[in-house]
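Residues annotated as transmembrane segment in Swiss-Prot: 23-43, 71-91, 108-128, 136-156, 165-185, 189-209, 216-236, 316-336, 349-369, 385-405, 418-438.
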Amino acid sequence: MKQTFRFIKPIERITHLKPNATMMLFLASVLAVIMANSSLSTIYHEILEYPINLTIGGHEVFSHHGETMTLLQFVNDVLMVIFFLAVGLEIKQEILVGELSSFKKAMLPIVGAIGGMIVPVLFFLLVVHEGPGARGAAIPMSTDIAFALAALAVLGSRVPASLKVFLTALAVADDIGGIIVIALFYSSHINIGMLAIAFGILFIMYLMGRMHVSNLGLYFVCTFFVWLFFLQSGIHTTIAGVLAAFMIPARPGLHAKNLRAEMRSLFEAMPNDKIRQSGSSLILSHNQINVINSMRKIARKAISPMQLMEEYLSPIVGYFVLPLFAFANAGITLGGVTADALWGVPMAVFLGLFVGKPLGIYFFTYGFVKMRLCPWPEGMSRLNLMAVSLFGGIGFTVSLFIATLSYAGAEHLLFLNEAKLGIFVASIFAAVVGIVTLRYELNLENAKAQKS
């Protein structure tokens, strides 16, 4: 049987995500809401205020503006760097071999993402255009790729592959826009010296890649120091994760085409030493173990540091970082939101995500196709596009993150609480209406196919 070796495109990997990670994210969010609105609320807030400290040589590593980080700050300023490191690796893969690897492929998802960022901001500002509440205008810009794909997966194998590809590429382009917004608008009091040191370490990482250094431990250590100096520089630390990801080399030590030949030669060199066996127990000879270890090293060399790091980070992000982030940030206090306040930030976020986001994605995409600037995506109808645009309105993770940046500090706590409410309601509406719309379209197509 003929076999071929190739990169597993990130689009394929992301669209086959295990649902368990998304379920953990959902359950962590529900737990946070329950605790924040019950007799456990005091315990919940005490957990978030728990100090996290690590002292090395008299220096507090996890300190924020000279103060020891709380668990909430640790999650948002440290653990989310790991999330954005993983996001950066996915973006790099998309640019290299995925749906953003050529101008023709990338144009439509990027156009859709731009529309999905501009229009939600306009809808937000129509409702809240002045005062401290307007600081959250960027909140409805983001799409939560995990929840969006989970909503798409509800309809099973009937969903055309082109829809999954377009939605994933759209979300990746959306992430790029979100990262730029964080870098430009959520950084203050920039320390040029610290920033210069951070970029110096990034340059060292780049040189390591050029010199074919494949030791992941070295890249993780460098990333830690890049984060540390970004923390002191005034630029938000999540940008450190993205920039570090771009420095991780995508070139493997052994080309995949040569892997089979290397493995065959090692397999042929396997000594015919007697294998000692007792029941289900097997004892290999030292020579056999040496050959098997050589096979392991050769196989590892065939995977680039970029993909290897992404494989390591994926379960950590999915099963630890994002659920903990959701638990720390999703605890909206429903009793603190008044009926009058619903027409402020909550409505602005809701309209931005549920109305502005889908309309922006749909009309920018459809407009470019009608102007013949881009070809229509294969296998996608106008109703399909509207459904995918609705899934783009599922904000959640990154929207919550931008909300915490927009309304930082005790004086903005009420706005933060209101923004969370808007994110929750809009994401649920977008998911439900998107599923209903796509199900209707798929049933319509199925009925037409049966008639013909």
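The backbone N, Cα and C atoms fix where each Cβ goes, glycine too.
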Hey, which of 136-156, 165-185, 189-209, 385-405 has the most Cβ-Cβ pairs under 8 Å against the transmembrane segment (418-438)? 385-405
Please report, as numbers and ranges, the same-chain residues at least 6 past the borders of the transmembrane segment (385-405) whose CB is under 8 Å from any CB of it. 25, 29, 76, 80, 112, 116, 136, 138-144, 146-148, 151-152, 163, 166-167, 170-171, 174-175, 178, 181-182, 186, 236, 238, 322, 325-326, 329-330, 349, 353-354, 357-359, 361-362, 365-366, 377, 416, 419-420, 423, 426-427, 429-431, 433-435, 437-438, 441
Close approaches to the transmembrane segment (108-128) from elsewhere in its chain (Cβ under 8 angstroms; 6 or more beyond its ends): 99-100, 134, 136-141, 143, 166, 169-170, 172-174, 176-177, 181, 343-345, 347-349, 351-353, 355-365, 368-369, 374-375, 377, 389, 392
Using a Cβ cut-off of under 8 Å, list the residues of the same chain at least 6 residues beyond the transmembrane segment (71-91) that approach it. 10, 14, 47-52, 62, 64, 100, 172, 175-176, 179, 223, 227, 231, 237-246, 248, 306, 309-310, 313-314, 316-317, 321-322, 324-325, 328-329, 401, 404
Pairs of Cβ atoms less than 8 Å apart decide it: which stretch in 165-185, 316-336, 349-369 has the most with the transmembrane segment (23-43)? 316-336
So what's near the transmembrane segment (316-336) in sequence-distant terms, Cβ-Cβ under 8 Å and 6+ beyond its ends? 17-18, 20-21, 24-29, 31-33, 35-37, 41, 44, 48, 71-72, 75-76, 79-80, 82-83, 86, 146, 397, 400-401, 403-404, 414, 417, 420-421, 424
